[in-house]
Amino acid sequence: MPAVRASNLYKVFGKRAPKAVELLSDGRHRDEIRELDVTAAVIDVSFEVEPGEIFVVMGLSGSGKSTLIRMLNGLLPPTAGSVEVDGTNISALPKRALRTLRGEKISMVFQHFALFPHRTVLENAAYGLEVRGVPRAERHERARHALGLVGLEGWEDKVPQQLSGGMQQRVGLARALTADTDIILMDEAFSALDPLIRRDMQTQLLQLQAELGKTIIFITHDLNEAMRLGDRICVLRDGRVAQIGTAEEILSQPANDYVAQFTEDVDRTRVFTASSVMEPPIPVIDPGHGPRAALRTMRENQTVTAFVVHRDRRLVGVVREEAIGEAVRTGVKDLEGLVVADVERVHPDTAVADLFQQAALSPYPLAVVDDDERLVGVIPRVTLLAALAPGASEDEQAPEGADDLVAAAAPNGAARSEGADGSEGGQR
Amino acid sequence: MGAPVLTHSVEVPRIPVGQWFESTINWLRANLGFVFDLIGEVIGASVDFLSVLLTAPSATFLTLIAAAVVTKGLLEGRGRRATAVLWGAFLLLYLAELLFGAAAAVIGSMPAPLFVWAMELFGAEYVYPPLVLALLLLTALAVAVFATKAPRRQRYTAIGAVAALLAVLTLHFVVGVQIDLITLLLLAALAWVVSGWRLALFSVLGFLLIVSMDKWQDAMSSLALILVATVVAVVVAVPIGVLAAYSNKLSGVLKPVLDFMQTLPAFVYLIPAIFFFGIGQVPGVIATVIFAMPPGVRLTELGIRQVDKELVEAGEAFGAPDLQILRQIQLPLALTTIMAGINQVIMLSLSMVVIAGMVGAGGLGNVVYSGIARSDMPLGFEGGIAVVVLAIYLDRLTGAVTRYSPALRAQKAQAG
């Protein structure tokens, strides 16, 4: 059962909202119904959030994301559609039951922290439990624990004003954690913080999530933040869902031009991993073959380097055409001795950003090997560079042996243009 | 040029607004008279009580005030239940005493030497039960402060309250200093605690001036009237302000009504006030309330509306009911603004003192009014000066309370 399910949610402000919903559900854009004098904030939004997932809703200001999140905990009633939390349709709940559900299942972290200035940090953190009527000693105990989790021991008796922005938002987070709900809504929670602190907070949130396994619905206008945090991302545009998918899906297969444009500025080297940019290792040479067979394979594939792998695809090393040619001429019968074992190996989950240094130091393509040392792919430098180009990640997996040749032989500048050509060609 | 000749005068019908008003008042008086009588009784009794407290307090009252100070400390920390039990026992015994003289019997059964010193102190021939009860309560509360692990600040407060009480009782009943000067010192002490030494110094000098002008009784009777009017105005204004903050419709309806209340010349509603409540302090209070209430409503509404929407949302998001949000979030955060409103209410009440004097409310208003009536310049001026001293004292006192922001208050509470 999904933790949260939104089905065909609409939120339209204005007197003629029902009429507007009717028109919008026929696919009209919200600008087309301006004469109804309504504001359509959220239009036909559906998604499911699985327990333990970080689901990021991303959109620019005015895209309806804040309205959407407020419907998820019933602060705003939807105009049409329904929200289910743990299988309960909250739109149908009476006010009192809704309050109880909020207290027990969904807590919230706010953009501007929304800490109570007239309460100490500890009392702020304990607020959710106070509302639920938990005795003072117990709620303070649990609030202390949550403050410890976010690294605020020793600040319990201060008031929020005495804390920096980052610390205040930690209190906000601790308040949500103390309430001990399974679901946490975070409304632009880190947007008011400066970039360095924002990064810290993101890291901390990911750690906490790994530790506590909460379901987090996170709202942001910052795509990099969305990519970093989100297991899945929902891109909103003008109140409608533009695309829902993982960070990689959104970058590599943007649903439309809007999403593609949006993702242009993303640091894709942090999103893509070695496995998403690597190419199939062609050709590979069996260590049992002789140099003559190896040379023929390489010539057939027009490549100057080839990886040597066992039958079970365990990586042995790499051979160069020159060395093989030399061996053939001098009559060496065995590949052993020609294989360079000292080849750079990377894990499939390594971020592309972390590959550059290794690629620069190695004269050969990077070998992508899994946990059992099996070769699963290769990354020539040209591929690495091509991965930086927007919208190119899928296409540029196509290059054939020729690219390897270029990668090994040509200087970087040439390789880049070649890579670009390859992606435009759209082979595969 | 002569007056223009109106050849085409348009007939504008005379609307009998005044008559309508009068008949409404008559109807109200005839049908809801008992309500007004009740209000009048309560207000009259309150003003009388406060005047007596300010001009000639009994030892029992002073003791009860000291007990209340100690209680306030106890209520903030632990020991709420004990405090409630003590006050409950006191009230029960007090009622029993009123009804059956039970307290006297209880006291009579106790060893006499316990009370002998106290009675000698007041030069009383017999044991006065309410006073003894109050003293017992105070002692018990003081013991409670030291028995529970109360913060140090509360202990100092308790010691201070008891010491001050003993000092006052000794000064007045043993040494024989007149109560005016003692009240003066207490008011100055209040100023010191709330605001600082400057205001304390000013109030000592200013009030001494009033005493030397022989206007103390009048000043205190006016103060009592102002305090009662303020309390009534606040009790009415704050809930209305809160409702107005919630509802735009009500807010829209209220605005002209408040303007009406503030701009209608005060003399105009003195007439129906007299009609309802007769001559005396009560119509004075009523007129003052009507005139002084609007800023209380307006600033309460403003204060509640100004509270950060995200904070209210935070309350809702954690499942707090509306009333709890009002009590725990909106009111505390709006308090600074509401206090500014109360400050305005007090100031406006002061400006009504003279007009209230016209309907026989007594006090400084009466002094000024008779100064006018008799063309007695010195008398009028002295009354006016006394009003100014009172005004400055009250303004600075409430202003000092206003200055504490919610965060400051939390910090202060934490430091204690």
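Cβ coordinates are placed from backbone N, Cα and C, and glycine is handled just like the others.
Unlike curated entries, TrEMBL annotations are predicted automatically.
If you look up TrEMBL, you'll see B:219-398 marked as domain 'ABC transmembrane type-1'.
Look at TrEMBL and you will find B:49-70 (among others) tagged as transmembrane segment.
Summarising the annotation, TrEMBL assigns transmembrane segment to B:82-107 (among others).
Taken from TrEMBL, the feature transmembrane segment applies to B:127-147 (among others).
Listed by sequence, the residues of this chain that lie at least six past the ends of the transmembrane segment (B:159-179) yet keep a Cβ under 8 A from its Cβ atoms are 55-57, 59, 62-63, 65-67, 69-70, 121-123, 138, 142, 186, 189. Taken from TrEMBL, the feature transmembrane segment covers B:159-179 (among others).
Listed as Cβ neighbours of the transmembrane segment (B:185-211) (distance under 8 Å, sequence separation of 6 or more from its ends, same chain) are residues 164, 168, 219, 385-386, 389, 392-393, 396-397, 399-401. Residues or ranges marked as transmembrane segment by TrEMBL: B:185-211 (among others).
Outside the transmembrane segment (B:223-246) by six or more residues, the chain places 43, 46-48, 50-51, 53-54, 254, 281, 284-285, 288-289, 292-294, 296-301, 303-305, 326, 330-331, 338, 341-342, 345-346, 349-350, 352-353, 356, 361-363, 390, 394 with a CB less than 8 A from a CB of the stretch. The transmembrane segment annotation in TrEMBL covers B:223-246 (among others).
As annotated by TrEMBL, transmembrane segment applies to B:266-292 (among others).
Within the chain, the transmembrane segment (B:345-365) has long-range Cβ neighbours (under 8 A, six or more residues past its boundaries) at 215, 218-219, 221-222, 224-226, 229-230, 233-234, 237, 266-267, 270, 273-274, 279-281, 283-285, 287-288, 291-293, 295-296, 383, 386-387, 390-391, 394-395, 398. What TrEMBL records for B:345-365 (among others) is transmembrane segment.
For B:377-394 (among others), the entry in TrEMBL reads transmembrane segment.
Ranked by number of Cβ pairs under 8 Å to the transmembrane segment (B:127-147), the listed stretches B:49-70, B:266-292, B:377-394 are led by B:49-70.
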